[in-house]
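Inspection log for the structure reproduced underneath, given as structure tokens.
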Amino acid sequence: MMETERLVLPPLDPLNLPLRALEVGCTGRWELLNVPGPPESTLPHGLPPCAPDLCQEAEQLFLSSPAWLPLHGVEHSARKWQRKTDPWSLLAAVETPVPSDLQAQRHPTTGHILGYKEVLLENTNLSATTSLSLRRPPGPASQSLWGNPTQYPFWPGGMDEPSITDLHTREEAEEEIDFEKDLLTVPPGFKKGVDFAPKDHPAPVPGLLSLSRLLEPLDLSGGDEDEGEAAGGPRGDNASPSPSGTPLVRASSLEDLVLKEAATVVSTPEPPKPPPQEQWAVPVDVTSPVGDFYRLIPQPAFQWAFEPDVFQKQAILHLEQHDSVFVAAHTSAGKTVVAEYAIALAQKHMTRTIYTSPIKALSNQKFRDFRNTFGDVGLLTGDVQLHPEASCLIMTTEILRSMLYSGSDVIRDLEWVIFDEVHYINDAERGVVWEEVLIMLPEHVSIILLSATVPNALEFADWIGRLKRRQIYVISTVARPVPLEHYLFTGNSPKTQGELFLLLDSRGAFHTQGYYAAVEAKKERMSKHAQTFGAKQPTHQGGPAQDRGVYLSLLASLRTRAQLPVVVFTFSRGRCDEQASGLTSLDLTTSSEKSEIHLFLQRCLARLRGSDRQLPQVLHMSELLRRGLGVHHSGILPILKEIVEMLFSRGLVKVLFATETFAMGVNMPARTVVFDSMRKHDGSTFRDLLPGEYVQMAGRAGRRGLDPTGTVILLCKGRVPEMADLHRMMMGKPSQLQSQFRLTYTMILNLLRVDALRVEDMMKRSFSEFPSRKDSKAHEQALADLTKRLGALEEPDVTGQLADLPEYYSWAEELTETQNMIQRRIMESVNGLKSLSVGRVVVVKNEEHHNALGVILQVSSNSTSRVFTTLVLCDKPVVSDNPRDKGPATPDVPHPDDLIGFKLFLPEGPCEHTVAKLQPGDVAAISTKVLRVNGEKISEDFSKRQQPKFRKDPPLAAVTTAVQELLRLAQSYPAGPPTLDPINDLQLKDVAVVEGGLRARKLEELIRGAQCVHSPRFPAQYVKLRERMQIQKEMERLRFLLSDQSLLLLPEYHQRVEVLRTLGYVDEAGTVKLAGRVACAMSSHELLLTELMFDNALSALRPEEIAALLSGLVCQSPGDPGDQLPSTLKQGVERVKAVAKRIGEVQVACGLNQTVEEFVGELNFGLVEVVYEWARGMPFSELAGLSGTPEGLVVRCIQRLAEMCRSLRGAARLVGEPVLGAKMETAATLLRRDIVFAASLYTQ
């Protein structure tokens, strides 16, 4: 009502005046009164007011006269803006691909152009976002190097790509398609389809009409007879087959229907030949010299100042033929020669080469070496991009994987990909990258694999060959170019510096006398209890003082023998620093060498700012280097590690203390290699060095062309290691190449966004699936043979009394499997094995005996299982054609008596016995009966009577008594003796055993009630059914092996896809959504980073705060963020952990094995404050006080963080978040400064 009062009502009609008519008297005169209001009343205040009817008032205001409403005001009408017209835009047209091109016609001899002709172009409508073909047009120039996460990769080599020719071939062979079995019933995107199977009985299959019969000459005289036969004779759909009995085969054309002369002799069909064994890995003989090398290659693409070795020449010959090679050679054998020739060959062919390495340090070193040799070389790492247009590009394997997934146009011109240090595929964290790259490489790219010697090089090459469908030539070296001598050193003072004992000579002979001499030297020192001759507790490694004495005596001995420089491998960063600092009293360089070192340090450190040059680590390392000492591990600043490497390569560093990473690929040979210990911590436990690890590090000893032999020394600070451990470490086989393939969310999303590629195909082609997939061709052939064999079998009769024959067969099979399962669980249990003591009566069932009673004589154990020496009843061996006289055998047709219980074997003639060694699987049942036997005496007597001399001797009374007791039990219990109940007697509470027992009793009842066993035709029909069912079972097994369901990682794949679907990265049909495309752009922690971005957890923070929080995702050293953080960072850390916890809970809900605590535990926020202050501009010299983390690890964390910021910047642009993208760009800029991002010395 209040709203109505505020409305401005329209003016009244002028004729609608407030007048009233009043009759005056009775004369008929009327007067008009202008007094408004209600009729006059005697009430003092008139009638009370009343509210008007709302419906009538609303109709009057809004429906009768709506013109007063603001809606109809002209000021609220649509406005029109004058646009700027451009008539010339009408003439613009979108460029369409040119459907044809001009091709020059040249003279075949001279090459002169004779004319031009127009040729049609194919695939002109392809693009990088719709096609995987190499024929698609290149993308923008700005994306030619790195590609784009929205682009498709190129089609991987080795996968079946349908071509136009294949499509035409399929159309021509269309009649070979089975329209009843080969048609799909589930539409794309649907979970269920339509079942077109007939409900009742299948319709009869129409037979083929013989055209030759229609073309037979007509017999005009016998037309009436033919008509009669057509009307009522046997000719028709159900006519009997032709006399020849050969089935009619569909012909592809009428030309095939020619009359052929009947063969007079019917030849028996030959058995099908097995398919030829495919040999993808071809070993190359490197023992014989290549005499015609220069005749085969008169003008090699590259020449060296030395004569290549035989294995290098063999590899070069195959490179000239564009073959793929796998070079497995010893350390320092010269594998780089093969890579150099491939680079030169690519430059000659005007193509490109990519050289991949496992670590960035090796990439930088190879960039310097190859640039000095070839010049046209580029470098692509996470933070450096030099000469990307070069013919040879050096990069890490992760960058090549990113280029492959992003469809980089560099792949088009690629001829060679060189994988250095392929044995790094065994790395649990990064080994999957090698497999991904090898699978995704296109077909036109040839592969060069360089590796240390591995025992399964042929197997690995066979996998790659089958993967790429091309032969891989395996070239291995026979021996090292510089042989090694291995010693034990037990000295620890100047008096004992000569205690160096040869253990393994250069010919590979192990010297036990050297080992015993080292043991005696240690024992002699212990017996004297002299302080100067060693530690009081020789079983321990000792402290810094003992280490100092050991190294002083060792280095004095090596200087006397002129065996410097030396690399000391120590498996701890802290011990490396301690040992080097303890030798500061040594001075191993001359004055000229000191001057050279000083000038080199000044030139290298001049790149740093003043405060960075005064870092404690820089000053300490400079002092060590001037004395000829060096330290190399991950805690050292990158620029200092490069200085140490360069000085070591010049021979100015005499003693280098290094961790295991120094041996990986970096070509830094020394005269001597020393092992501080033979034990290391692998991240979980302490263990001995593996043979492959030892060989890799020991291979740094011996400089080719300078040293006749290399020296390897193992320090014995405490006790001398066991001889067996030393022999296994030094002479054992290196570790095999093993697959570390695992599923990652990035891999799944990158493949799901491409319809033509499937994650299952990636899993099939992984090295982990190779053992089960390498026989796929044989499985397909066996499946085809079984299909033919099944079609030729006669159907069993299952009518009448045999109606339940199929059920009886399934019941019998299930009962047998259930009984075997229960017995297997019994034999695996503790109580079951305890019951198998001497004298226990058992039922034996194996190839020699079927349900024969036996008594256990002896119980022994080997490395794998227990062995039971058992006296078993058997028949006397006779020679007869009757199968029943040849001893007990498994019945062909199982009757109920054979399935229920144990129908014991009873000798039909004279009862004999034997003593057999039984495995747990040979015991079919354990009876409750126990006999008193002398097992040792019975075994000795039986062994004696097996000799020809005593074969006719009668058995002992103990043997005869045991046999008679067994025979009496067999006759008393023909259906089997009472057995130990697995639940009541053996106390097995396993659910499977309990349920199996119940199911077995149910199956026994069903088998007793079967009617088919009473039919006289039961045995024959059962054999037919069993043969058919066995073939079908084998076919199901082969189909399973060939299907995706046999993949080992398929359950995990479904679980990870469910995680992506729950989080909204893919939809129900598997289509990648926006969040999934953003995750594809991330290099690591893709789910966590994407969730943080979509939760808007980063946009409100400042760039330095974002960088500090993201450090928890890349930091490798665990630690606590501390209490000095600003409140914003504390809240940010908790929010990141909360998001990680939510993702972990989703993973657990979807079935993944990783717990929530393990997933959240991958985050380390120990460097949050350090990164925060660094991004705010704090000098690096002041960061040391904020954290105890080594400087090298801090630098590595900030470098990886800058890469992550760039990934987030690209993802923000993809989503359309310019504010976040600008902040990530600013964060990366704040991080990239000073010593953390100092340019590599190898690139200058």
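Using N, Cα and C of the backbone, Cβ positions are placed for all residues, glycine too.
Annotation comment: Swiss-Prot describes Ser242 (among others) as phosphoserine, evidence class similarity to another entry.
Annotated phosphoserine per Swiss-Prot: Ser253 (among others), in sequence order.
The domain 'Helicase ATP-binding' annotation in Swiss-Prot covers 316-472.
Residues or ranges marked as ATP binding site by Swiss-Prot: Ala329, His330, Thr331, Ser332, Ala333, Gly334, Lys335, Thr336. Other Cβ atoms within 10 Å of the Cβ of Thr336 (ATP binding site), summed over all protein chains shown, number 19.
The average pLDDT the prediction assigns to the motif 'DEVH box' (420-423) is 88. Sequence annotations record features per position, and here Swiss-Prot assigns motif 'DEVH box' to 420-423 based on similarity to another entry.
Marked as domain 'Helicase C-terminal' by Swiss-Prot on the basis of sequence analysis: 582-752.
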For Thr331, Ser332, listed as binding-site residues, tell me which one has the smallest number of other Cβ atoms within 10 Å.
Ser332
Take the motif 'DEVH box' (420-423) and count its residues per DSSP category (helix H/G/I, strand E/B, coil), listing them in that order.
2 helix, 0 strand, 2 coil
ATP site shell beyond Ala329, His330, Thr331, Ser332, Ala333, Gly334, Lys335, Thr336, criterion: Cβ within 8 Å of Cβ centroid:
Thr477, Pro481
Starting from each candidate's C-beta and looking 10 angstroms out, tell me which of the binding-site residues His330, Lys335 has the most other C-beta atoms.
Lys335
Taking only same-chain residues 6+ apart in sequence, whose CB is under 8 Å from that of Ala333 (ATP binding site), what do you get?
Asp309, Phe311, Thr477, Arg480, Pro481
Could you say whether, by DSSP, Lys335 (ATP binding site) belongs to a helix, a strand or a coil region?
coil
With every protein chain in view, what's the tally of Cβ atoms within 10 Å of the Cβ of Ala329 (ATP binding site), excluding that atom itself?
25
I want to verify one value. Collapsing DSSP to three states, which class is His330 (ATP binding site)?
coil
Below 8 Å Cβ to Cβ and six or more residues apart, same chain only. Which residues does that give for Gly334 (ATP binding site)?
Pro308, Asp309, Gln312, Pro481, Arg704
